[in-house]
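The following features are taken from TrEMBL:
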type	residues	note
DOMAIN	18-225	domain 'Porphobilinogen deaminase N-terminal'
DOMAIN	238-310	domain 'Porphobilinogen deaminase C-terminal'
MOD_RES	254	S-(dipyrrolylmethanemethyl)cysteine
Ligand SMILES: NCc1[nH]cc(CCC(=O)O)c1CC(=O)O
């Protein structure tokens, strides 16, 4: 992904100045700088600035994300900056963006995806299978917790919050024998060498949108869609659209273990998804594969997988039932 290069755009009316709103964590700043560099390649004459800001999600570190309001927690302040005209675009990890954008905002652009897998990180062990009885594994996600509890009942799963550097610090401090993180974040921050094992999509299916960058803009901004168009990656957009459709149909939130991941096999999109209980004892699993050429077909594939999960009784695993 960091390899991607863009040719200068031939846009008749290129941007003169663009401001990118970003969270201030090292990962968020890396992502904003990456988008800035891509925009500079497309529009060499444009002054591209980054406006760093702190969100509620960054401030609340003592409680599990599932308990404090989940998605949206990391995006609200950035949206206010767009509304106030202090910024033109906001860069997010797509995984952290709500399935339904708030009125007046669009998910305008999805960039080429990094490695979407979860990663096993440890200083003493090479893989999950090597961990002894009672070893403490840190993860902040109920999805990861559910798979771990189902497969490794002898391990102790403990919450792990904070930005990437904080989490790595807690591992190195000896609080955990191993931690599970998204590989994408580690690779972006140059921490790829700390990954001991990349977890396979089956059974460690990632969250919808994991590894992809999303760019949010105001629906009322007249030019921004065209200006950001070169940054869109269609194969990624179609894959994450299928994933996000599953999550949308099931009312996905941080409160329920929900996984959805789609990969390409030539012109066929293959999607795999599960909903489970946190203890891993109950789960519904569905997958589907079909030719996909456009958004409608991508969303139809995701919709079909969601219906399959619902037919299997997924609603009983959702704390609030199915969305209306
Ligand atoms: N939920 C937090 C979050 N949002 C995006 C990433 C990683 C990068 C990505 O998936 O794009 C992470 C950290 C993690 O899950 O370990």
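Just so it is clear, glycine is given a Cβ too, placed from its N, Cα and C backbone atoms.
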The domain 'Porphobilinogen deaminase C-terminal' (238-310) - residue tally per DSSP class, helix then strand then coil:
28 helix, 26 strand, 19 coil
Predicted model, mean pLDDT over the domain 'Porphobilinogen deaminase C-terminal' (238-310):
95
